[in-house]
Amino acid sequence: MRIVFDIGGSVLVPEDPDVEFIKAIAYELIKISEDHEVAVVVGGGKVARKYIKAAKTFTPNETFKDYIGIHITRANAMLLIAALGEKAYPFVIQDFRKAWEVIQLKKIPIMGGTHPGHTTDAVSALLAEYLQADLLVVVTNVDGVYDSDPRKNPNARKLDRITPEQLVEIAMEAESKAGGSGVVDALAAKFIQRGRIRTYIVGKKDAYHLFDVVRGKHSGTVVEP
């Protein structure tokens, strides 16, 4: 299979780099790459949001602030490259065609953000579409898709299996609320829908066992076209 992994920045670097987690997922990714083609997109997480918030003091320019976030995602990506060692391409990939070339070299391409205006969730969905990936695995700080925000509603129900259309609906509803955000943003959900991409959305606990996740053994949500 060809698999794209979307690793959330808040999972990789919650406050400081989670070194043990980075070691664990690097081990899992190397093991998976022995039998599958693998590409990874890394997010910016809380660190990126802190920098963007600070930048608001100095500039109203949203595109400029997006670029700050992109640089943070690439710093996080470099951490994972270091952990993967020789198995990873040694530089952060910045376009999809290069990611394709790196896969042909039997290396793992690692990406961060690419352009202002969309998140690394969207980058991973577009990359999966471009590569015609068999599977997209989204690792986030929530252990799946819920019918409402589990961080605010203790009665929220996790959805084991949904369609891309349902994912779009849930993501758009989450973003319509003040300060709201879903486990996958609406633009990424629309790309998943457009590309008809089979997607697993899992939490950090499952991510320690990515080898099992790609075989369908996880407690997250399956998005099935």
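Cβ atoms are placed via backbone N, Cα and C, with glycine included.
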Swiss-Prot annotation, UMP site containing D66, T114, H115, P116, G117, H118, T119, T120 - matching residue among G44, G85: G44
Among T114, P116, H118, T120, which are recorded as binding-site residues, the nearest neighbour of G45 (ATP binding site) by Cα: T120
Environment of G44, D66, T114, H115, P116, G117, H118, T119, T120, the listed UMP site - residues of the same chain whose CB lies within 8 A of the CB centroid: G69, I70, G113, A122, V123
Spatial neighbour of T140 (ATP binding site) that is closest, considering only the binding-site residues G44, T114, P116, H118 and their CA atoms: G44
